[in-house]
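Q: Submitted below is the structure of interest, expressed as structure tokens.
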Amino acid sequence: MGCGASKVDKEGQARNDAIDAQLKKDRLAQKNEIKMLLLGAGESGKSTILKQMKLINHGSYSAEERESYKEIIFSNTVQSMRVLLDAMERLDIPLADATNAPRAEIILGLSPSIESSVLPRQVADAIHALWGDAGVQACFGRSREYQLNDSAKYYFDSIQRMAEPSYLPTDQDVLRSRVKTTGITETHFKIGELNYKLFDVGGQRSERKKWIHCFENVTAIIFLVAISEYDQLLYEDENVNRMQEALTLFDSICNSRWFVKTSIILFLNKIDLFKQKLPISPMADYFSDYTGGADYNSASEYIVNRFVSLNQSDAKTIYTHFTCATDTSQIKFVMSAVNDIIIQVNLRDCGLL
């Protein structure tokens, strides 16, 4: 009897030890699992950041993946030229070269969605000729007055390469492609010992009510702002300045009861376009209290202060980074800095800092 009881006790202890070991392993895994929300207004660059995470952590795109982006890239390019041509009519800007009129008709007669693995040479030649037209260039110079994708110039400049029968999109081609995000997407990647789950939600106003599902147990928020859009209007409401919308959204997220102590990492994105735009579109025209002229340092400091000053909580830290989401090496450096921030946040939450 005694020996039998002893055997049962040993088996029970072994099971308990196994359960304890598994619980310890689960706690350790949970500690190393980081949930982050990727937030920001529409077209701020969130999807591009997610593509960069794939490039940085999983390597370059496969040939099959590149092939799958061709229709998106072709459609983005054609849609952008259609937007330009429509804007020319609305703004009463004529083509400088009348012989380009039939080429404009070719583009306007196309479906907005190109369902082909090869860009027709006639379409590519039409876009190439139109992009060289002084009237089209004049309209492009007024792109803040209508809704044009940031990638338009890049794709127009690359149109002959894209029309080659052997064309396969480069990483940069893929990074600049645009598909509206709807619903919630989840991206997994690892930096050092930490396993990240990064949730991207639709940035357009109609998508925001869906964010609530991502809120629980979030370690930190990455909030993206396209600082180059200080002179542009919303896609959904052309009476609202995009930067003002971003400020309003940041205020609501930063001071939400869901995020009282949640650290926010602010990515001030599209600095390349911002630098190009400052000398030709005075920021003071849109923010009357700005007095720094076209100086990049003054303008960027002003925008940082506008966002950071909205924070009403002493318990919350806001970390800022200036980014160009299409620059892989820069995003790799910034994400390394983000990882350091997350480690500090983890240590703080565990009472070790």
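Any Cβ shown, glycine's included, is placed from N, Cα and C.
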Q: For the annotation region 'G5 motif' in Swiss-Prot, which listed range does it cover: 5-10, 143-148, 161-166, 323-328?
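A: Of the candidate stretches, Swiss-Prot labels 323-328 as region 'G5 motif'.
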Q: Choose the correct range: of 49-56, 129-136, 265-272, 337-344, which one does Swiss-Prot annotate as region 'G4 motif'? Give that range.
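A: Per Swiss-Prot, the stretch marked region 'G4 motif' is 265-272.
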Q: Taking the binding-site residues one at a time (Glu43, Asp150, Asp272), which has its Cβ surrounded by the most other Cβ atoms within 10 Å?
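A: Within the set of binding-site residues, the most crowded position is Glu43.
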Q: Can we call the region 'G4 motif' (265-272) and the region 'G5 motif' (323-328) in contact, meaning three or more C-beta pairs below 8 angstroms at a sequence separation of 6+?
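A: Touching, yes - the region 'G4 motif' (265-272) and the region 'G5 motif' (323-328) meet the threshold of 3 or more Cβ pairs under 8 Å.
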Q: Going by DSSP, give the three-state secondary structure for Gly45 (GTP binding site).
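A: Going by the DSSP assignment, Gly45 (GTP binding site) belongs to neither helix nor strand, so it counts as coil.
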Q: Among all chains shown, work out which of the binding-site residues Ser47, Thr181, Asn269 has the most CB atoms within 10 A of its CB.
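A: By the 10 Å Cβ neighbour count, Asn269 comes out on top.
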Q: Going by DSSP, is Asn269 (GTP binding site) sitting in a helix, a strand, or coil?
A: strand
